[in-house]
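Student: From TrEMBL, for reference:
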- 1-24: region 'Disordered' (REGION)
- 1-21: compositional bias 'Basic and acidic residues' (COMPBIAS)
- 60-300: domain 'Deacetylase sirtuin-type' (DOMAIN)
- His167: active site, proton acceptor (ACT_SITE)
- Cys175, Cys178, Cys200, Cys205: Zn(2+) binding site (BINDING)
- 486-506: region 'Disordered' (REGION)
Amino acid sequence: VDLQEWEERERERERERERGGGKRGFCKAKPITMSLGYAEKLSYIEDVGKVGMAEFFDPSHILKEKTEQLAFMIRKSKHLVVFTGAGISTSCGIPDFRGPKGIWTLQREGKALPKATLPFNRAMPGMTHMALVELEKAGILKFVISQNVDGLHLRSGLPREKLAELHGNSFMEICPSCGVEYMRDFEIETIGLKETPRRCSDMSCNARLRDTVLDWEDALPPKEMDAAENHCRMADLVLCLGTSLQIRPACNLPLKCLRGGGKIVIVNLQKTPKDKKASLVIRGLVDKVIAGVMNSLSLRIHPFVRIDLFQIYLTQTLSSDRRYMNWNLGIASVHGHRAPLSFIKCVEVAFTERKELKDAILEKQPFILKRRSVRNVEPFEVALKINFVDGCACHYVQINIPVNFKISRKCPQYDKEAIFQRLREAAAQDPQCGQHEIIERRANLSPKYDITIYAIATNIAYYKKTPQVSSEAILSNGNAKVKTENMNCDGPGTVDRQLKRRKHKK
């Protein structure tokens, strides 16, 4: 009995470390739960398969041996495909579906669902997401097939062409006419491939966009499914991470490698219907297994720096008597005025140089300030204090905005990638974040408006306490070949604990 109690305590400690709240080098953080989003929007059905499945943990020495065996198989692999499920995102605060405390398990038991402490859109990639980015950059990982809709694979920096999202993406809209994809920084309002309030930005198209997330009755997208099937047939190793492999037809994809002599490895705490087909089954936390694999492969796992974008615009119109300038100052999403600005809570406005203008606090979106000034007034500055929502590392940022009623058409060119790199490096030095720079400026004379787009580092996620790395090691996640009007980028770090190789007796 004492041994069982001890093992249970150890497992709970491992879960806590996985969430980032334990010791042994992990960053201290309170466990967080993201908005349930997708699960709450799904149509209700009674039969969702097995839920409340028991979790099993390999003893530590067995887990170590299996992790080293997996690393050896990956090193030998010529075409590695990874198949991911909800289990890789639980350490990010996103609940799974079938585990002991999974969403469907709680629903079937009539229990209350966990209360969200942060919105879904503030979830950040976990250790496994970032490890897969490194494996792809190293040329080892050829393709990822995901059943998740949390958008964390793309947010981590995995190239779009190396990813099949079988069930869609809660942050992606697609144009049904021209096929352009739009990655957003806010959760799309609908699921079930329905129309959204926004339109394609290509004016020659202008079609209404649709969400990409499937409901129960929706068929898997042919484009994603075809790519997934092709890569599974070519794979000599399919690594299944954090999935119970129950949802058909997706769960049968890994089996397609077997005909060509490929192997399947399953890393999952619960038993799956495909365990007997696997060459290796590992019962352990996915992040812990992947950390061990990456150490064996001498590859670093980099933390993630999130960079969000917003625009500040100034519009102006002349009064009817031509004596005054009526002007509006707005803070808006880069995705358009119909899009929510999900990471800004409120904006405080102060006129330190023009006392005749009244200060204001903008608490509701859209954040728009309307004022009137004498037409020939000298240029002046408006002081903005932009307050961010819970979940951002920085609480606020202060920006001074120049107001000049003589708008110039001359707009400087900005090197966006160089700016993103500087922001990542700065965030690595100061994890409180808040570093910001201008990345684009546009102006128009008729009608008169001036738009300035800012990039700001709002979060940095460390997965383990690691030694400093040089700026050359900092990653870029600009690989995603989707139309990203919001950029999220990653930064530096390592996994430093080395696993000593175990000598096996013949």
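Cβ atoms here come from the backbone N, Cα and C positions, even for glycine.
Caution: TrEMBL annotation is automatic and unverified by curators.
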Student: For Cys200 (Zn(2+) binding site), which of the three DSSP-derived states applies: helix, strand, or coil?
Tutor: coil
Student: Please work out the mean pLDDT for the residues of the domain 'Deacetylase sirtuin-type' (60-300).
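Tutor: The predicted confidence over the domain 'Deacetylase sirtuin-type' (60-300), as a mean pLDDT, is 92.
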Student: Starting from the Cβ centroid of Cys175, Cys178, Cys200, Cys205, the recorded Zn(2+) site, name every other residue in that chain with its Cβ within 8 Å, sequence order please.
Tutor: Pro176, Ser177, Gly179, Val180, Arg199, Ser201, Asp202, Asn206, Ala207, Leu209
Student: How big is the gap, in Å, between the Cα of the residue listed as 'active site, proton acceptor' and that of Cys175 (Zn(2+) binding site), rounded to a whole number?
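Tutor: So the alpha carbons of the residue listed as 'active site, proton acceptor' and Cys175 (Zn(2+) binding site) sit roughly 17 Å from each other.
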Student: Would you mind ranking the binding-site residues Cys175, Cys178 by how many other Cβ atoms sit within 10 Å of each Cβ and giving me the lowest?
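Tutor: Candidates: the binding-site residues Cys175, Cys178. Fewest Cβ atoms within 10 Å: Cys178.
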Student: By a simple count, how many Cβ atoms lie within 10 Å of the Cβ of the residue listed as 'active site, proton acceptor', its own Cβ left out?
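Tutor: Step by step: centre on the Cβ of the residue listed as 'active site, proton acceptor', count other Cβ atoms within 10 Å, giving 21.
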Student: What are the sequence-distant neighbours of Cys200 (Zn(2+) binding site), meaning same chain, six or more residues apart, C-beta distance under 8 angstroms?
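Tutor: Non-local contacts for Cys200 (Zn(2+) binding site): Cys175, Ser177, Cys178, Val180, Asn206, Ala207, Arg208, Leu209.
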Student: If you skip the near sequence neighbours and keep only those at least six away, which residues in the chain come within under 8 angstroms of Cys205 (Zn(2+) binding site), Cβ to Cβ?
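Tutor: Once residues fewer than 6 apart are set aside, Cys205 (Zn(2+) binding site) is near Cys175, Ser177, Cys178, Val180.
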Student: Could you find out if DSSP has Cys205 (Zn(2+) binding site) as helix, strand or coil?
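Tutor: Coil, per DSSP.
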